[in-house]
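Taken from Swiss-Prot, the feature region 'Pyrophosphorylase' covers 1-227. Residues annotated as UDP-N-acetyl-alpha-D-glucosamine binding site in Swiss-Prot, with sequence analysis given as evidence: 9-12, Lys23, Gln74, 79-80, 101-103, Gly138, Glu152, Asn167, Asn225, Arg331, Lys349, Tyr364, Asn375. Sequence annotations record features per position, and here Swiss-Prot assigns Mg(2+) binding site to Asp103, Asn225. Under the heading region 'Linker', Swiss-Prot lists 228-248, citing sequence analysis as support. Residues annotated as region 'N-acetyltransferase' in Swiss-Prot, with sequence analysis given as evidence: 249-454. Feature annotation from Swiss-Prot assigns active site, proton acceptor to His361; the stated evidence is sequence analysis. Annotated acetyl-CoA binding site per Swiss-Prot: Ala378, Asn384, Tyr385, Ser403, Ala421, Arg438, in sequence order, evidence recorded as sequence analysis.
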Amino acid sequence: MTQLSVVILAAGKGTRMYSDLPKVLHTVAGKPMVQHVIDTAKQIDAKQIHLIYGHGGELLQQRLSSEPVNWVLQAEQLGTGHAMQQAAPFFADDENILMLYGDAPLITKETLERLIAAKPANGIALLTVELENPNGYGRIIRENGSVVAIVEQKDANAEQLKICEVNTGVMVASGASFKKWLANLNNNNAQGEYYITDVIAMANQDGYKVQAVQASEFMEVEGANNRLQLAALERFYQKTQAEKLLLAGVRLIDPARFDIRGSLTHGKDVEIDVNVIIEGEVKLGNRVRICAGCVLKNCEIGDDVEIKPYSVIEDAVVGKAAQIGPFSRLRPGANLAEETHVGNFVEIKNAQIGKGSKVNHLTYVGDAEVGSNCNIGAGVITCNYDGANKFKTIIGNNVFVGSDSQLVAPVTIADGATIGAGATVTKDVAENELVISRVPQRHIQGWQRPTKKK
């Protein structure tokens, strides 16, 4: 099987984005456009990925530092052909070279596999698409059904402008062919640039076959040159993802008001209300219900969990039949056992909450272990930070912590203990002890409230 290398063009400035950020780093579904393209290139088993960079190259390399790409500088942006010329020295004669664009993030593995499979043994395969309004795109010129040239909009005559089949810019040919054609490119055109599309005419002159493969969906090959186009890509992507989830059995109350910016795996009878955002890798069990306005990121949710409105869960695990929210925040390291309750305005960070325990109101639990069947009252704080270091709070089983208590870590509260409301606990508490640390109540007779001065 012939090996494949991929060239991704990513040197453009993106002037119409009106941004200091390189165009290809603008995001779709929370991920840079160029990252989508790199990920797709990996899926088709590219031997090597050549990334053509220019504007904002330092930032681009920083953001993609973990990616196994060959960085190829295009110091001057003189057209798509010029960009490919920079990568040509790295091409092996006997490999296939696939050309992609860093600002066209939604092209699929399946489409690229069709294109590669269609490449003639001696020739080039080109991805095209039919448009109702082809304005702005290079037109596909055919003779007797075969592609003989691509004419850019600014160079097209009146008859050619009527053609609706357009070039997507995606093509595949052998390394040897590309090197030969790229060496013969010129910039004799209205833009004064080196067009990669000129290789189509060269292939015909050499007697090579040019095979066109049509993309099934225009948005799959659409690029983003401005924020309006970027928003259109985002909406198309989200619509596609929502449709996949609906067909897989997930109930989305309103598919148009659901965003996924990562991956979602799910069980049966999952229900997701409006304005929910999924980020990173999220796993949902059976019969999970997520109410309006929640954000879930890199978390695992067990069966029969209900997440009430406007809760945020990040890098956390929630056990079966738990109830979360409304307005709860589970931060990284939160691990809730089954049948736990976490209520409104509760924040849990790097803490384990045991089976059946309840933390229902206005509470912070950080760097802690809470046993089973505990009740943590409203306004309780685990004081885990002394300004320099963090310390752990350990709470046993069947512990009752009264409202407005402060647990100053490091501290351990043993099984069955009761902490009276308003206590400040600084020492360990033994099993079944009652701790009260409040100031004795005083009654002042005849006291009068201050009055305002006239």
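For all residues, glycine too, the Cβ spot is worked out from N, Cα and C.
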According to DSSP, does Glu152 (UDP-N-acetyl-alpha-D-glucosamine binding site) fall in a helix, a strand, or coil?
coil
Students should find that the Cα atoms of Gly79 (UDP-N-acetyl-alpha-D-glucosamine binding site) and Asp103 (Mg(2+) binding site) sit apart, in Å rounded to an integer, by 15
Quick one: largest C-alpha distance among Ala378, Asn384, Tyr385, Ser403, Ala421, Arg438, binding acetyl-CoA per the record, in angstrom?
23
Separation of alpha carbons, Arg438 (acetyl-CoA binding site) and Gly12 (UDP-N-acetyl-alpha-D-glucosamine binding site) (Å):
66
Fewest other Cβ atoms within 10 Å: which of the recorded positions Arg331, His361, Arg438 wins that one? Let me know.
Arg438
Could you tell me the C-alpha distance between Asn225 (Mg(2+) binding site) and Asn384 (acetyl-CoA binding site) in angstrom, no decimals?
49
Give me the Cα-Cα distance between Asn384 (acetyl-CoA binding site) and Gly102 (UDP-N-acetyl-alpha-D-glucosamine binding site), rounded to a whole Å.
46
For the region 'Linker' (228-248), provide the mean pLDDT of the predicted model.
98
